[in-house]
Structures are given as C-alpha cells and as structure tokens.
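Quick one: this structure, given as structure tokens, is what I'll be asking you about.
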Amino acid sequence: MIKKIVTTCFGLVLGLCVFGVGLVAIAILVTYPKLPSLDSLQHYQPKMPLTIYSADGEVIGIYGEQRREFTKIGDFPEVLRNAVIAAEDKRFYQHWGVDVWGVARAVVGNIVAGGVQSGASTITQQVAKNFYLSSEKTFTRKFNEALLAYKIEQSLSKDKILELYFNQIYLGQRAYGFASAAQIYFNKDVRELTLAEVAMLAGLPKAPSAYNPIVNPERAKLRQKYILNNMLEEKMITLQQRDQALNEELHYERFVQKIDQSALYVAEMVRQELYEKYGEDAYTQGFKVYTTVRTDHQKVATEALRKALRNFDRGSSYRGAESYIDLSKGEDVEETVSQYLSGLYTVDKMVPAIVLDVTKRKNVVIQLPSGKRVTLDGRSLGFAARAVNNEKMGESRIRRGSVIRVRNNGGRWVVVQEPLLQATLVSLDAKTGAVRALVGGYDFHSKTFNRAAQAMRQPGSTFKPFIYSAALSKGMTASTMVNDAPISLPGKGANGSVWTPKNSDGRYSGYITLRQALTASKNMVSIRILMSIGVGYAHEYIQRFGFKPSELPASLSMALGTGETTPLKIAEAYSVFANGGYRVSSHVIDKIYGSDGRLRAQMQPLVAGQNAPQAIDPRNAYIMYKIMQDVVRVGTARGAAALGRSDIAGKTGTTNDNKDAWFVGFNPDVVTAVYIGFDKPKSMGRAGYGGTIAVPVWVDYMRFALKGGQGKGMKVPEGVVSSNGEYYMKERMVTDPGLVVDNSGIAAQPSRRIREDKEAGAEDVERGAADEVRQEVQETPVLPSNTGSKQPQLDSLF
C-alpha cells in the first residue's frame, strides 16, 4: 500500500515536472521570437549631452539631462572591472546570461520571504533591463529578462556586454557610466582612481541613492568593505591592498563643468538652432558645436555693456528686494536659506543674499551663498536704508526673508541692485558675417530674452544711411544740397492729419549737402531725400541690405527709422557698407562634430568678394563709408574718435523721447552695433542719446576688438573720383555737381558748391578726372530686391 502511494506521488511529481517543463518550453517558444532586436546594443549610441564651445575652445553651454562620457572597455582600469564583477556578478565569465546557482539562492530566499524580494540578476540581465525592460519585480518581467540575457550572450562578446554596462548604468548625481561617475564624485579620470575609490563606485549600481558616499557615507563605507572582501575572496587583490583601501580617507571633490558665463546668449542661439533641426535628439547625440565667438571678446563686450548700465542706474532710487521667501515656518532655516541661495547666480559681482533678521537699530543680518553671515549697517545699506521694514513699499520692503543683492566693496558688503535698463551688443566679421561677440542683455540668468536677435526696435537715425545709399543709387551725390527747413505734410500724419516732423535739436541749417546732413543727422533732409527718390523706390532698394518688406514702412516716416528690426539685422545690413557692397549673412555656428569626434558639418559662409552677391554698387558703399567717417570725426558720434583711428565710420540713432539709443560703427573688417533701452519702452531722459550712452559702450569694446595698429581704411573702388575733398561716382562727376533738392523734394537747378574742410588721402584721388568727365546725373539700375537672398550653408547638417 505504501509502495503504491509512493509510486503515485512520484508519478504526480514527475508529471508536474514534465508539465512544468512543457509549459516553460512553450513559453520560451512563444516569447523568444518576440524579443526585441539587439540593434541598439550592437550599434550602441549612448545619450550624450549637447556641448557648445567658443572659437577658442571654451565650453559656453551644455544641454541634456544625462552626463555621460563614452569609454571603451579597454580604457577602464582592470581593478574597476574586477570590482564591479565582484560586486554584481562573480560568475560573469562562466554563465550564459543567467546564473542558475544565483537564481536558486534567490528562489529559496523569496519562498522564505513569501514574495519576490530579491533577484539574482547578472550583469547581462541588468543590461537587458536597462536597455529594454522596466524595473518592476514580477515573474513575467524576470522571465523575459532571462531570455533576453541569453539572446544577448549569443550575439555579443563578454567584453562588449561589460562595455555597455559600464557606460549605461546610472550611478547617481546625474552620472551615467563609470567614467562620468569618476569625474562627478572624485573629479578624476577613471584611469586615475585608487582601489578605495574604485570599490566605492562599484557599490553604486545596486542602489545609487542608498550607497551615495556623499549623502550616506556610513552605508557607502559598508558597501565598499563588502566589495573589497569579495575581491579578496576572489583573489583579485591581496590582504594588504584591502586593508590599505579600507583605511584610505576618501576626498570627494565633485566635478563642476566650468561654463563660460559671458556667451550664454550665443549658446542659447545654437541650442535653438539644433533643436529646430533635431528636436529632443539634439540633447542626446553628443554633438560638439564650435561657434564663431571668442571668449575674450565676449568678456570685454559684456563688461563694456554692464558698465554703461551700472553708470546709468547709479542715480536711481532703491527699487526694493528682488524676491521673498517665508522663513516663519518651523523648518531648518539654515538649510532652507542655503538651498534657496544655491539656485541663484552671482551676476556682475552682485551676490545674492537672504535677510535673516532686522535689528532694532535697523541693521540687517544677511546670509551669503557661502554660508557666511554679515551684518549691514546704515553705511552698507546706503540707498536701500529707507526700504528696511518700510510698510509703504509693500512686498518689496527689506525684511526677514527678503532676497537682496550685495557686493564686496573693498572688504565692506554693500547693497546693490540690478539695472532696469537693458542693452545689447553684436559684433560681426564684415566680410563673412561671422559673429565675433554677442551679448543679448545685462544678465542671461535673470532674463533669457536675447535683445540682439529677438528685440524688434525702431532703429531711428541708424536707418538713414540706407536712405542716403538709395539716393546715391538714384542719382544724387554727397554734395547734393537739400533744404534743411521745417516741413508740414497734410494727410501724412496719424488719421490723415498734418505731419510736422522736426529735427531732434530743433535747429535748421538751410541748404546743406548730403554729407553735412548725415553727419548732423538732419531729419528734414532725410525726409526730403525720400520724397525726391520715392518711397516705393527706397522700399525696394533697401531690401537689398537684408531687410524684410514688413520691417520697412511704406511711408515717409521710413526716413526717420520708424520701422522695427533687430540689432543683429542692423549690424548685418551695415556690413554691406563695410565690405564694399556685398550681402553676407550673420551666423554663430562654425563646425559641428559628432560624439565619435568626426566632423559632421562645417559652415560655408558667403564671403565678400568671393561667393557673396553684390547688393549695392561698391562705389556707393565707398562713398557712404567716407560720409559716415565724418559722423565719427565731427558729427553725432565724435565720441568714437577717442579710439584715435582714421578707418572707422558709423551712425548714431535716437528715437522719439529718447526711448532707444543706438550706435552702429565699423571699419572694413568689423561691424559692431550697440542698442540701449528699456524692455518696456520708456524715455531714458536727457542721457538717452545714441552719442551719449551707446557710443561709449562701442568704444570700450572696439578698443579691444581693433587692437593691433591702425587699419588702412577701405580700398577705393574703380570708378570713384575725388574733387575738393568729396567723392563721386565717375559718371556723376560734373564741374559744378552741387544739386539742390527744394521744399517739395524735387530736384531743382544746380547751385554753387559748398566746399568742405576735408582732406583726401593720395590713394583716394584719381587725378584729372574732374576735367575729363562732364555728364548728366543718371540713375543706377536697381538690382532685384531679392539680391543677396542666398544664405550661407552649413554643409550636410542644415
């Protein structure tokens, strides 16, 4: 009877086993063909951030969540490979993807625990999970993981599997892979790690947060000891090495990628351009983008701009605290303050601080980002003293929890504030359009709006040279005389009213030459010129400089620069004057490399005199250059003469009520535009003229950008003649070329010549030309308005 029972039980067990094996076999047959392809492993491309560099190789921007540096398995030190194997998978080189003995141990443990509590995942299984599967603890997921691990083992070598694991695994602190972790935790190359450091990092895969040595040093130390003992047991290290490693004091020096703060606006422009092309992939493909800007130029430009804004704001009253945090709750105040300050940036040496207390004497106790506490007395508070506990200032008063800015002024901390006024500077290579410097505002962190490329502003009188260029093309000369007198135009004002424009200074000079008019920035002359050549003609002609029709008002107000455009577009347009009449396009990207180091794309810019289209007659460009040299020499931009250079030219601009101030200056090599104004347009007051506030910024930057001696000035194009210090297109030269434009704006009879006190260099004069040429003034044919519309190409990528 007993024998029969035993036999029956044995048969049942055997049957169940066979049945179970059959079920497993069926599951394998059904599941295995559905396993994902291993292409992503065989052609592994880790997610690597977009890194942007200046032309001189400084990092100016990094975009992407994952910090990873791909490293081949042979470049990882053997001691690290041994440590990871000892910690995660001792039988890595013996099993076929699944460690059967490890599984058996885990099964027993789970049965005892009454559920799935632990696993026996091999390194291969972890690769399968990290690339293809979720982290949920279910038998189905573990079964698929085991099958996928087997498939991986059949397709890839052990070293390749290890390489994938070492580069893909997350190790905390935004570090993916051991090479990245070595930098982030120890600020070392992975090949420089000691045994103690290796064992500490090898403990992270199991639980990056729990075994983070910075956050949980005690648990991390226990994990390190466990790994070192395993290495000793596997005879990977000696007893002496283990003991030395255990006794070694580790120094955590978190790697912080240094990002040059002077070119953040440029980096953002590049990021946007790549995102438009690649979407989210732009942040994961490991692109390394080299730009055209140099950090030394950026730093000088930034400081020049900030100095002007600081000076303008110096007389302003204190506007109040930057923000406020509630410190009344029962939280750890020191930790709350430190955490809040860690998210703020020091800008222009203005350090963020939080008010901890206001004493009875109204001294203010603050905490700095360093953790240091400072007491500000009345002298340190300065202009901010009236804001201390001043209920009339509401939320902006200085009180406990207020966020303010301070600066170390010779050992004394004083309260300061960021200027409200904003500014931008953009500098281009006149021949290629390459951006050499671009600062989009006072501070990128507080306001990311890029005023150089995004701010649509009225250019004011900086637009006048384009009107004058159109006039030269239409038949006028630099000595053509125009009546600078008041004018009233019925029906040309708002709602059909009378338009009565005025010169900005309220002064009128009667008949003066075009040269004199542009030098003094006479509004009445610009309007009469436009009336003479026709709004339609000018509207089409000026598009050759790169302006869109929508940026050009089809009315006489165009003569005063009432359209809207960006500082970058203005600089690009002025490059036509600087480079001899060629249309080039601004660009900030030079080269793009892939994560493998191969060149993926290189900018092929339009170059003046080579492949760039001719936008205007080179003689026209030259004459405009010579006229605008007088603007610098004796006109509204004479402050730029402080550089002591004879090759510079330019034009100032100021809009109604001094809301916008401009200066665009150049020589044949560099064009630099400066714009200053409030983001919400309002008057800057009496100091808000282009020649007063914008020119000094330009001078400070260009003194550095043009260092290295005097330039030669623009080469005289063929067909330009000089007489009595004035320059003409050869066919326009007459013995008495002074042409008058009367009140109506219609060309009238020739008049006497006004001779100007200007000396021409010997290289500028074509002797005898005035005696040989006498003919009627004629119009230069207008090129199609889309001339120069061809854009520079970024080969293979864009």
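Easy rule for this one: first residue shown is 1, then count along the chain.
Keep in mind that glycine also has a Cβ here, set from the backbone N, Cα and C atoms.
Straight out of Swiss-Prot:
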type	residues	note
ACT_SITE	E88	active site, proton donor
ACT_SITE	S461	active site, acyl-ester intermediate
REGION	50-218	region 'Transglycosylase'
TOPO_DOM	1-9	topological domain 'Cytoplasmic'
TOPO_DOM	31-798	topological domain 'Periplasmic'
TRANSMEM	10-30	transmembrane segment
So for S461 (active site, acyl-ester intermediate), how many other CB atoms are inside 10 Å of its CB?
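Summing over all protein chains shown, S461 (active site, acyl-ester intermediate) has 24 other Cβ atoms within 10 Å.
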Taking only same-chain residues 6+ apart in sequence, whose CB is under 8 Å from that of the residue listed as 'active site, proton donor', what do you get?
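Non-local contacts for the residue listed as 'active site, proton donor': T122, I123, Q126, A202, P205, K206.
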Summarise the model's confidence over the topological domain 'Cytoplasmic' (1-9) as a mean pLDDT value.
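Here the mean pLDDT over the topological domain 'Cytoplasmic' (1-9) amounts to 61.
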Using DSSP and collapsing to three states, where does E88 (active site, proton donor) fall: helix, strand or coil?
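Going by the DSSP assignment, E88 (active site, proton donor) falls within a helical segment, counted as helix.
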